[in-house]
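First comes the structure, then the notes that go with it.
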């Protein structure tokens, strides 16, 4: 006791106004959780994790599929426009929010509690996407195990799942006898293996009668969720090391497949179709909407994953440089994958004697039909097939465990005292619940449900969330204040390009696409199957639910305040008192003022006038005070 008293006498007295949370003693605050939540062990961990998150199945499965169904090369025009107008600026905005605050998608809305519903909408969207995304990983595992054989099961016809239309294309081309079937009406063994054996879609009459559970797919889905759980079990410290392999290995295999594809006869026909823009497709709203959605799916903008990853960064990580590395690298990877896909499509079109756009059915199974067929044309085809699907597995897992980490981080940041010590158990409960919800996708008609989730879970709802986030940060919080935060973090303010995109171009473009998509709405379909009206309504409600999260969050925020309605709106839209960098050493300028127990909007200036100036922060505080006063006057 005497030692404690002596220490207390020797300790300088600090005014309450300037006491940091660590000086307050055992106070019920979240101040120590910034280190408890974990951090990347190196700068390269974050960069490779972002590359692994963005460069996923969408680059191999979604981008070639969308380019194929939207005019080939014409799709690249809106794709790069959307990348410049929306992708890069919003990518940087989301990284900046996460790194500055070190918070997840829910807690980050301390920046403006009125819009916390946008964070809840992010979680709903990423949850729905994670359910069906892991089903695609289950398909990959199915093919991975099927490759462990001397002869690939989709290489030849004559199996119990094949029909009379099945024709081995290589055999048909080199046969000297008269062909009994019209080549244009034949089906490849790989296509029948996918639709009639893997999916067993003939056992379902539609989305309303999904049929029985396919137990082989059910077990593959279970394995997929087990792998994902192990990936996120120890957080970013372990996953940050795994990406050194999973983010780089796919490029080696993709280059091998590209070289093999372009050496096939007729490959140039497919590449020509891929590169030649069919500009009449640009008059369709669907092409522009698909391009915008491809940016969101591929870069992960609006899902909260980027925000979550950046929240584990050090405060001064150069995310400006990382933004361009990841976004441009992602675009190059998508184009590279497109070349690998379309070179094989060109070969197959020559074998069948039909145009490239008729060589395969449009659908999510494109990568499970064309690529497996390409594997059968290579020497040691089972070996190459195993490597290819292992590549898809690593691509998918990088993105999937980011989705789950987003959900887990968001909820644990909201309830750190209860959930953070039990993060592994909570992660396991999330994985089990999502596995159970995804069992419908393992039925005979599971592909219909997957298409419905794919079309509606992150369509117009995702656009609304991104528009809301952009407007809340730039208009409500303030573009000047946000740029000042970035200047504090990176040492420079964003230029005119980013400011123009954040203020006008990005939200205006997304708003125009949103309105256009509503006016030019097109029902979902899978091949020749048209979805019934009730399924379409269910999909629309799925998208609307994420949108309704935003006004619901506003209502909750307003009800928690006091005063008139206008006063409540003003109070709920202002940043929380503890908004700012999570670590004390990073709280400079106006954020030195956000200390525990302070009730003043400018407590640092109050202290300076009462106790005298603080030389290290005096000039910054005066300047910040002046800027805040000017902003308040401009808003009145």
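Using N, Cα and C of the backbone, Cβ positions are placed for all residues, glycine too.
Other Cβ atoms within 10 Å of the Cβ of residue 55 (Na(+) binding site) number 27 in total over all chains. For 52, 55, 59, 298, 330, 395, 398, 399, the entry in TrEMBL reads Na(+) binding site.
Neighbours of residue 157 (disulfide bond), defined as other CB atoms within 10 A of its CB across all chains, total 20. The disulfide bond annotation in TrEMBL covers 157-166.
Under the heading transmembrane segment, TrEMBL lists 46-64 (among others). Note on the transmembrane segment (46-64): residues 40, 133, 136-137, 236, 239-240, 243-244, 246-248, 250, 254, 294, 297-300, 305-306, 309-310, 312-313, 317, 322, 325-327, 329-330, 333-334, 337-338, 341-342, 364, 366-367, 371, 392, 394-396, 398-399, 402 of its chain, located 6 or more positions outside it, place their CB under 8 angstroms from a CB of the stretch.
The transmembrane segment annotation in TrEMBL covers 76-97 (among others). Residues 67, 108, 111, 277, 282, 287-288, 291-292, 294-295, 299, 301-302, 304, 306-307, 309-310, 319-320, 322-324, 326-327, 331, 334-335, 466, 469-470, 473, 482, 485-486, 489, 494, 497-498, 501-502, 505-506, 509-510 of the same chain, all 6+ positions outside the transmembrane segment (76-97), place their C-beta atoms under 8 angstroms from a C-beta of that stretch.
Annotated transmembrane segment per TrEMBL: 118-145 (among others), in sequence order. Beyond its flanks by at least six residues, the transmembrane segment (118-145) meets 57, 61, 105-109, 198, 216-217, 220-221, 223-225, 228, 302-305, 364, 368, 372, 385-386, 389-390, 392-393, 396-397, 399-400, 403-404, 406-407, 410-411, 434, 437-438, 441-442, 446, 449-450, 453-454, 457-458, 461-462, 464-465, 468-469, 472, 542, 545-547, 549-550, 552-553 of its own chain at Cβ-Cβ distances under 8 Å.
Long-range neighbours of the transmembrane segment (213-233) within the same chain, counting only residues 6 or more positions beyond its ends whose Cβ lies under 8 Å from a Cβ of the stretch, are 134-135, 137-139, 141-142, 145, 198-200, 239, 242, 397, 400-401, 404-405, 408, 424, 427-428, 431-432, 434-435, 438-439, 441-444, 446. Marked as transmembrane segment by TrEMBL: 213-233 (among others).
The feature transmembrane segment is assigned by TrEMBL to 242-268 (among others). For the transmembrane segment (242-268), same-chain residues at least 6 beyond its ends with a Cβ under 8 Å from one of its own Cβ atoms are 44-45, 48-49, 51-52, 55, 60, 231, 333, 336-337, 339-340, 343-344, 346-351, 371, 374, 377-378, 384, 387-388, 390-391, 394-395, 397-398.
Residues annotated as transmembrane segment in TrEMBL: 288-312 (among others).
Under the heading transmembrane segment, TrEMBL lists 324-348 (among others). Note on the transmembrane segment (324-348): residues 47, 50-51, 54-55, 58-60, 63-64, 67-68, 72, 76, 79-80, 83, 87-88, 91, 169, 188, 251, 254-255, 257-258, 261-262, 264-274, 298-299, 356, 359-360, 366-367, 370-371, 373-374, 377 of its chain, located 6 or more positions outside it, place their CB under 8 angstroms from a CB of the stretch.
Residues or ranges marked as transmembrane segment by TrEMBL: 383-404 (among others).
Sequence annotations record features per position, and here TrEMBL assigns transmembrane segment to 425-450 (among others).
Away from its own ends, the transmembrane segment (456-477) comes close to residues 86, 90, 93-94, 97, 111-112, 114-115, 118, 121-122, 125, 128-129, 132, 289, 292-293, 296-297, 301-303, 502-503, 506-507, 510-511, 513-514, 517-518, 524, 539-540, 542-547, 550, 573, 575 of its chain (Cβ-Cβ under 8 Å, at least six residues beyond either end). Annotation source TrEMBL lists transmembrane segment at 456-477 (among others).
Positions annotated as transmembrane segment by TrEMBL: 497-519 (among others). Residues of the same chain lying 6 or more positions beyond the ends of the transmembrane segment (497-519) and with a Cβ under 8 Å from any Cβ of it are 82, 85-86, 88-90, 92-93, 285, 288-289, 292, 459-460, 463-464, 466-467, 470-471, 473-475, 479, 483.
Annotation source TrEMBL lists transmembrane segment at 539-559 (among others). If you look at the transmembrane segment (539-559), the same-chain residues 6 or more away from its ends with a CB under 8 A from one of its CBs are 113-121, 124-125, 128, 452-453, 455-457, 459-462, 464-465, 468, 524, 531, 565, 568-569, 572.
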**Asked** If you take the centroid of the Cβ atoms of 52, 55, 59, 298, 330, 395, 398, 399, the listed Na(+) site, which other residues of that chain have their Cβ within 8 Å of it?
**Response** 51, 53, 54, 56, 57, 58, 333
**Request:** Round to a whole number and give the Cα-to-Cα distance in Å for the pair residue 330 (Na(+) binding site) and residue 166 (disulfide bond).
**Result:** 37
**Item:** Top Cα neighbour of residue 157 (disulfide bond) in the set of binding-site residues 52, 298, 395, 398, 399
**Value:** 395
**Request:** Please give the sequence-distant neighbours of the transmembrane segment (425-450): residues at least 6 beyond its ends with Cβ less than 8 Å from one of its Cβ atoms.
**Result:** 127, 130-132, 134-136, 138, 199-207, 209-214, 217-218, 221-222, 225-226, 228-229, 232-233, 364-365, 404, 407-408, 411-412, 419, 526, 529, 531, 535
**Message:** Which one is it: of the recorded positions 166, 395, which Cβ has the fewest other Cβ atoms within 10 Å in this structure?
**Reply:** 166
**Fill in**
In the same chain, residues at least 6 away from the ends of the transmembrane segment (383-404) whose Cβ sits under 8 Å of its Cβ atoms read 49, 52-61, 126-127, 129-130, 133-134, 136-137, 140-141, 143-144, 147-148, 152, 224, 227-229, 231-232, 239, 243, 245-247, 249-250, 253-254, 256-257, 300, 303, 305, 308-309, 367, 371-372, 375, 427, 430-431
**Asked** Could you give the Cα-Cα distance between residue 395 (Na(+) binding site) and residue 166 (disulfide bond), in whole Å?
**Response** 31
